Amino acid sequence: MPAYKRILLKLSGEALMGDDAFGINHATIVRMVEEIAEVTRMGVQVAVVIGGGNIFRGVAGGSVGMDRATADYMGMLATVMNALALGDTMDKAGLIARVMSAIGIERVVEPYVRPKALQYLEEGKVVIFAAGTGNPFFTTDTAAALRGAEIGAEIVLKATKVDGVYTADPKKDPRATRYTNITFDEAMGKNLEVMDATAFALCRDQKLPIKVFSIFKHGALKRVVQGEDEGTLVHV
């Protein structure tokens, strides 16, 4: 039995790269879609917010000397490319996906309209939110928090390369231990990087829990949705 009826899954663009240096790794995106399909078959309504860091990062090297707002818009367009790839892979896997963009590109994807997104979710379709919040200076983590709150998701699942939040960087400190669960205030007090400050504050204010887990662990998404001890739960 799933522990949640409606979830917001935040995927980083980097997660789509697999072992590649950039871009979209076909085997990786197919495997991710299989994991999502398994959850939808349990009757869970799934919405996805996807990043664009595998193609372009507004805050990174490719944008040196560039106007920040322009760089952020380029990053948003990168998320649209990822969303289209994810949606196409879902369609081929037998899922019905709908890509909705926060910036208008009507010939490519439909615009984000909240009632329409809710309708799609109720119909069992997977909704993929592209282009972040549609505004520069906001991360896709913030978009995940915002869309999660808007659609009434019960939890934001942040899929990362690490299987939870640790007391220290597990790559640098072998004594680092994983938190099973932690409150928002504790995470802030310990300066633990769960999400950026804006996204984190929005989730905290809306009492929207965050689960940090590794998308690279086979079956992890299903275990999270079933309420098992996987990753780290950040709660009020």
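Just so it is clear, glycine is given a Cβ too, placed from its N, Cα and C backbone atoms.
Summarising the annotation, Swiss-Prot assigns ATP binding site to Lys10, Leu11, Ser12, Gly13, Gly53, Arg57, Thr160, Tyr166, Asp169. Sequence-distant neighbours of Ser12 (ATP binding site): residues of the same chain at least 6 apart with a C-beta under 8 Å from its C-beta are Ile50, Gly51, Gly53, Thr140, Ala159, Thr160.
Packing around Thr133 (UMP binding site) is summarised by its Cβ count: 22 other Cβ atoms lie within 10 angstroms of its Cβ, all protein chains included. In the three-state DSSP scheme, Thr133 (UMP binding site) falls into the coil class. Residues or ranges marked as UMP binding site in Swiss-Prot: Gly52, Asp72, Thr133, Gly134, Asn135, Pro136, Phe137, Phe138, Thr139, Thr140.
In the three-state DSSP assignment, the secondary structure recorded for Lys10 (ATP binding site) is strand. A distance of 12 Å separates the Cα atom of Gly52 (UMP binding site) from that of Lys10 (ATP binding site). Across the structure, Lys10 (ATP binding site) and Thr139 (UMP binding site) are spaced 12 Å apart at their Cα atoms. In the three-state DSSP scheme, Thr160 (ATP binding site) falls into the strand class. Largest Cα-Cα distance over the residues recorded as binding UMP, namely Gly52, Asp72, Thr133, Gly134, Asn135, Pro136, Phe137, Phe138, Thr139, Thr140, equals 14 Å.
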